[in-house]
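Annotation source TrEMBL lists active site, charge relay system at K76, S171. For S195, the entry in TrEMBL reads active site, acyl-ester intermediate. Residues or ranges marked as domain 'Amidase' by TrEMBL: 26-487.
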Amino acid sequence: MLRASLREVSAALKEGRVSPTELCRRCLSLIKSTKFLNAYITVAEEAALKQAEESEKRYSRGQPLGVLDGIPIAVKDNFNTAGIETTCASNMLKGYVSPYNATVVQKLMDQGAVLLGKTNLDEFAMGSGSTDGVFGPVRNPWSYSRQYKEKSVPKSDSEDEESNWVITGGSSGGSAAAVSSFTCFAALGSDTGGSTRNPAAHCGLVGLKPTYGLISRHGLIPLVNSMDVPGILTRCVDDAAVVLGSLAGHDLKDSTTIQDSFKPFELPNLTDISKLSIGIPKEYHAPGLSSEILAVWSKAADLFKSAGAKVIEVSLPHTRYSIVCYHVLCAAEVASNMARFDGLEYGHRSDMNKSTESMYAATRREGFNDVVRGRILSGNYFLLKQNYENYFIKAQKVRRLIANDFVKVFRSGVDILLTPTTLSDAVPYMEFIKEDNRTRSAQDDILTQAANMAGLPAINVPTALSERGLPVGLQFIGRSFQEKQLLTVARWFEKQVKFPMIQLEVVKRHDHDVVQHQKSASFS
């Protein structure tokens with residue numbers, strides 16, 4: 001049952017083949033046995049079981065709240081949750097318990113979803129590996145899959161084997177690991193420059209970044225207000241559409257959300273794609289793109305072409321400047337947002353009491369890691385009076401040019417853009433940490449952050465396994481607020497490639513009653 005899709009489990013709950021409490025207990029048990037992945041920071045066992053019991057009562061009365069009623073989910077630990085600690089994987093917020101739920105969390109609870117816990121991340125979501133939080137790095141479940149173990153070079157001793165695990169990507173790596181290891185059926189991430197799509201690609205998941213303004217940011221602890229979007233991680237496109245339907249729409253508490261009401265939609269079966277125009281942006285053939293990813297990207301384009309779609313090369317000329325522009329704007333907004341953590345209202349407070357200024361300085365030195373402090377310093381430098389015009393204002397102008405590139409391409413008749421999500425498959429942890437966070441982020445965000453700067457919807461779809469037996473994903477970028485079209489095309493593609501399910505031995509032991517889905521890796 002843990003391997004089933006969200007819709008399949010929902011049907012099983014309605015038919016009484018499994019109870020919400022039984023399902024919740026199985027997920028909690030699996031969280032304990034996969035603790036070595038370090039996917040969760042906080043497991044809300046007692047609260048989750050209570051929610052499951054309430055769901056069970058609703059099912060017994062024949063009055064479930066919807067498709068999500070009784071479905072175990074997880075939430076990235078930078079969304080506020082009433083009664084459950086919210087840490088952002090930082091010493092600054094250790095012990096902080098919010099008095100309210102983020103809007104997206106509340107919407108899930110209102111639909112009857114069962115919140116299992118809060119997932120691990122890079123500190124304050126600043127990173128692309130989920131390796132820089134105070135609770136330690138997250139391990140990619142695929143490191144322990146039969147597919148990876150069969151392809152990886154055997155090590156001489158167990159210590160070497162132990163260091164051979166690969167990263168999840170970030171910063172929503174905990175949420176990705178939680179869904180990938182079957183401990184929950186969907187998870188919330190956040191996406192500022194690719195933080196949902198990147199780990200989705202590395203963990204073999206669907207990772208959806210909706211249009212900016214479609215989902216409320218209220219209660220998401222901000223990184224970059226003008227780019228942050230709550231992201232959705234699931235094991236198939238249909239499930240992402242279900243979760244999107246319960247989250248999207250106007251929120252009085254977030255003035256950046258759309259005013260129009262949002263109607264959840266069923267994804268149609270796409271049988272004729274001859275009227276579809278797929279754009280292949282030449283600038284996404286970026287330096288460092290592995291030959292493997294390039295081959296998968298080319299095969300995907302050929303797949304659309306052979307099915308009758310129009311596939312054309314397009315140009316987004318300002319893409320080459322986007323990563324630099326992104327980091328200037330990101331650092332500037334980080335500097336502004338992090339100013340709230342001063343040791344006065346909430347969070348960590350230093351014992352330093354010589355003066356208010358020394359207390360501020362000591363609190364921030366003790367509370368933030370090097371990565372966060374570095375971004376704050378960079379941002380304040382860009383915002384200095386003598387630098388403001390040369391850095392921040394110029395970056396804003398370039399951002400507008402980047403957004404206009406997308407507008408021009410979509411106006412030319414292109415429906416969807418097809419690009420790689422990452423430059424390569426997931427790298428081993430020991431290799432990943434050889435480079436600093438800033439260097440890694442500049443490499444890993446290069447193919448994803450432009451969609452955030454333009455506010456466009458984008459989705460990662462798991463596509464094939466690399467030569468090392470690790471997931472490779474491709475990214476689809478759509479027009480603003482055209483999630484239905486984007487997800488419909490993504491679902492068609494998902495059905496064509498038949499990405500194989502992860503074969504985790506630890507899950508087999510927990511879920512022996514379920515026949516393993518043997519999908520063929522026909523696209524590899």
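The backbone N, Cα and C atoms fix where each Cβ goes, glycine too.
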Roughly how many angstrom lie between the C-alpha atoms of K76 (active site, charge relay system) and the residue listed as 'active site, acyl-ester intermediate'?
11
Using Cβ-Cβ distances, find the residues under 8 Å from S195 (active site, acyl-ester intermediate) that belong to the same chain and are at least 6 apart in sequence, listing them in sequence order.
A125, S128, G170, S171, S172, G189, G231
Can you tell which of K76, S171 has the most other C-beta atoms within 10 Å, given these are the active-site residues?
S171
Here the mean pLDDT of the domain 'Amidase' (26-487) is 95
